[in-house]
Amino acid sequence: MAKTLERRDQCCLCGKTKEQVKKLIVGLHGAVCSDCIDLCNDILHNESDRGIPTSPTVVRPTTVASLASTVPKPKEIVQFLNGYVVGQEPAKRALSVAVYNHYKRINDKSDDEVELQKSNILMVGPTGSG
């Protein structure tokens, strides 16, 4: 019982006590202060004023040629991985070629009837190495 009273004596969003705010609105599982309510209200009004959509919109390139130009070469993928993975050069090389081939297959829509088997990549090493 003491824990529920403690949660009702302070705002569940900012942690301010009832002495630090104008009003504390208490609910079944916690309380929200008037400052947080005002802030949330401002955020909601600003979003509706700016016409921010409620659902995300997906923007896709219009042509296959534009997709092909954005696919990085295996060498570029390895350079990117070098920023995050220490060592493991053969694994980075194999992974970059697999990613590049995957994107090439996605971009090449001429043979829709050809089905490829799935292949998995298993990276083994000590925790934190990859």
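Note: Cβ is positioned from N, Cα and C throughout, glycine not excepted.
TrEMBL does not curate its annotations; it predicts them automatically.
Here is what TrEMBL records for this protein:
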type    : residues           : note
BINDING : C11, C14, C33, C36 : Zn(2+) binding site
DOMAIN  : 1-52               : domain 'ClpX-type ZB'
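Annotation note: C36 (Zn(2+) binding site) sits in a helical segment as assigned by DSSP. Residues belonging to the domain 'ClpX-type ZB' (1-52) score a mean pLDDT of 78 in the model. For the binding-site residues C14, C33, the ranking by surrounding Cβ atoms (within 10 Å, all protein chains) places C33 first. In the three-state DSSP classification, C11 (Zn(2+) binding site) falls within a strand. With the fewest other Cβ atoms inside 10 Å of its Cβ, the least crowded of the binding-site residues C11, C36 in this structure is C36.
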